[in-house]
Amino acid sequence: MKQHYVAQDCTKVTPGDCSVDNTIYGYLPNLPANAFFIAVFAFLAIAQLGLGLPKRTYFYSIAVAIGCVGECIGYGGRVMMHSNPYGDTGFTVQISCLIFSPAFIAAGIYLTLKHLILAFGQERSRIQAACTWIFITCDFISLLLQAIGGGMAGSSGDDATLRDLGTDLMIAGIVWQVATLIAFASLVLDYVLRTRFAWEAVDPSAKTLLRQRKFKGFIAAIVVAFVAVFLRCVYRIVEMVGGWANPIMRDEPSFIVFEGVYVLPLWILLLIATHANNSQNDFVGCLGYDAIPSCVLLPAEGRLEKGCLFGGR
């Protein structure tokens, strides 16, 4: 892996070789921007648990909250680097947490496929609804690779071999995540097309669900989240393969855009989409209808029934 000059013997910023320019990032992380992200992600974590746990969306709510907490900790590491960009602790914390936290968004996206299949018909899916947990497992593998790699790279000090190994593990984790996203998108697209071509066979209750504006909004939020997570992963791969302290890694505006501006709205979209209330009382909707956001419409004997999503029963 290509290496760029970094003053590895420095422990704090001083005149001469130990300048800010000779750090890995080549800049002091923007304090107001990072403090803003900490505050917003902390709010989102509390909101997700506060809204989700009483409605029994246990797995989903806890997964999303953990992701938000990870983002908080990661940006906290960048705040530490603002005070001392040569500090090992701040660097290790931010590289590990910010690398793997968005994986929890992907987990939330994967969980929706099972219940879409249940709502629109198992017979047109190439996989069983329960098999969507395969994607969660793959996501967990990518999370582990990224977290372990980030920890190794951040704590490597002057050990170039350990640093490169950690970097390779992070890249492998992100590439694995991209591959999982592509496989997931392919199966979803295949299911959508097969369902569309067999539309007459779709249960009327599922067709009713599809006509609901909030359900369409939820699907739009999932699609936007998927695209943004995918682009963020591509950015991270490009950033990492250039070696430490490469020009892309040292460009803070691009980091803020792809890691912050792209990622933050996803958490907000998922929170709104999964907990929006509906004043109608004659149906239970998908992830954000009526008073029970943990349920989707399931066709059963020609009527609408509740089927719990991510927990409950």
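Cβ atoms are placed via backbone N, Cα and C, with glycine included.
For reference, TrEMBL has these:
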TRANSMEM  31-51  transmembrane segment
TRANSMEM  58-77  transmembrane segment
TRANSMEM  89-113  transmembrane segment
TRANSMEM  125-149  transmembrane segment
TRANSMEM  169-193  transmembrane segment
TRANSMEM  214-235  transmembrane segment
TRANSMEM  255-273  transmembrane segment
Selected stretch (most C-beta pairs under 8 A with the transmembrane segment (255-273)) from 31-51, 58-77, 169-193, 214-235: 214-235
Intrachain neighbours beyond the transmembrane segment (58-77), with Cβ under 8 angstroms and 6 or more residues off its ends: 34-35, 37-38, 41-42, 44-45, 48-49, 51-52, 89-98, 100-105, 107-108, 111, 263, 267, 270-271, 274, 294, 309-312
